[in-house]
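Enquirer: I grabbed these lines from TrEMBL:
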REGION    1-27  region 'Disordered'
TRANSMEM  65-87  transmembrane segment
TRANSMEM  99-122  transmembrane segment
TRANSMEM  143-164  transmembrane segment
TRANSMEM  197-218  transmembrane segment
TRANSMEM  230-254  transmembrane segment
TRANSMEM  281-301  transmembrane segment
Amino acid sequence: MPSEGEADGCGPERAPTFVQPHPSTFSPPSCLARSSCDRRLEAERRMLEKIQKMLVVRSPTIRELLAEALGMYILMVFGLSTVAQVVLGRGEFGQYLSINLGFGIGVTLGIHAAGGISGGHLNAAITITHCILGNLPWRKLPAYLLGQFLGSFLAAATVFGTYYDTLYDYTKGNFTVTGPTATASIFSTYPHPCTSLLGGFFAEFMATVMLLLGILVIHDEKNNGALKGTQALLTGILVLGIGLGMGMNTGYAINPSRDLPPRIFTAIAGWGVDVFTAGNYWWWIPVTAPTLGSLVGSLIYKLFIDFHNQSVPESGNEKGQPAIETSTL
């Protein structure tokens with residue numbers, strides 16, 4: 001006799017059956033979120049790569065201009081800011097040694113920033129010397145000078161903005177080149193009151209001669225050159241030494257790119273044309289004397305060392321440039 005369940009055609013009651021999904025068809029929420037995040041990051045990475053490709057400068061000359069600009073900017077921000085702190089702090093926040101150290105550190109970091117691309121000249125006098133000696137094509141001279149001048153000018157503007165409040169309080173709003181509250185010397189060099197034009201010219205000339213002799217000693221691979229990787233540091237120490245021993249008379253500009261662009265900035269920013277007329281029209285000395293001193297320093301080294309030391313073939317640096325090209329202020 002059929003049971004009640006079988007009589008009505010329903011059959012015996014059975015437990016419901018659930019189909020277990022295969023592990024490959026099921027992803028926990030954390031995995032789904034991770035996958036979505038990965039896709040979003042990949043899209044962002046591709047977008048950044050496209051932007052980077054759009055911004056890449058393919059012209060070697062323009063890359064060298066940019067490198068010189070950044071290297072010079074770093075050099076001058078460190079140097080000028082230490083001068084500003086010493087002057088505006090009335091000696092309470094540093095002394096003359098602070099300025100020497102600031103420029104030395106700036107030189108070292110500036111070379112590291114630009115050296116692998118442009119050689120890290122950071123000095124119009126050195127760049128012109130390279131062109132005269134055939135180490136750099138003349139067609140690249142405008143780009144190097146423009147980069148150096150741009151970096152130096154922007155650094156002066158940066159330091160001016162950084163110390164504007166203190167500068168205004170120190171001068172009561174009267175920006176002067178001479179006098180008890182003179183501040184133009186924060187940005188450019190001016191001669192000591194007892195220094196004549198001729199004496200100042202000779203001081204700048206000799207300081208730059210020593211600069212070039214030191215640079216060539218550091219980078220001469222045929223001689224007892226510095227260890228690889230230490231050239232930037234030693235060049236910074238070289239500039240420190242020049243400041244310690246040869247800076248009193250003129251402020252050791254030893255570099256047209258260090259002196260002229262900030263002088264132009266101060267003329268625009270409120271100091272006026274006095275920045276060019278002060279010191280019996282001193283402004284041209286830091287432009288011409290270092291240029292002549294750089295060339296003479298190079299020739300002296302060649303006459304006393306380089307011409308007589310040809311036993312080892314010239315190898316240049318790793319980038320195929322003459323060793324002299326990695327130099328600065």
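Heads up, the Cβ atoms here are built off N, Cα and C, so glycines get one too.
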Enquirer: Determine which residues of the chain contact the transmembrane segment (230-254) at the Cβ level, with the cut-off under 8 Å and only residues 6 or more beyond its ends counted.
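Expert: Contacts with the transmembrane segment (230-254): 96-97, 99-101, 103-109, 111-112, 115, 120, 123, 125, 185, 188-192, 195, 199-200, 203-204, 206-208, 210-211, 214-215, 218-219, 285-286, 290, 293, 326-329.
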Enquirer: Would you say the transmembrane segment (197-218) and the transmembrane segment (65-87) are in contact under the rule of three or more C-beta pairs closer than 8 Å, pairs 6 or more apart in sequence?
Expert: no
Enquirer: Counting only residues 6 or more past its boundaries, what in the same chain has a CB within less than 8 Å of a CB in the transmembrane segment (143-164)?
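Expert: Tertiary neighbours of the transmembrane segment (143-164) are 61-62, 64-77, 80-81, 84-85, 88, 118, 121-124, 127, 136, 186-187, 257-258, 260-262, 264-266, 269.
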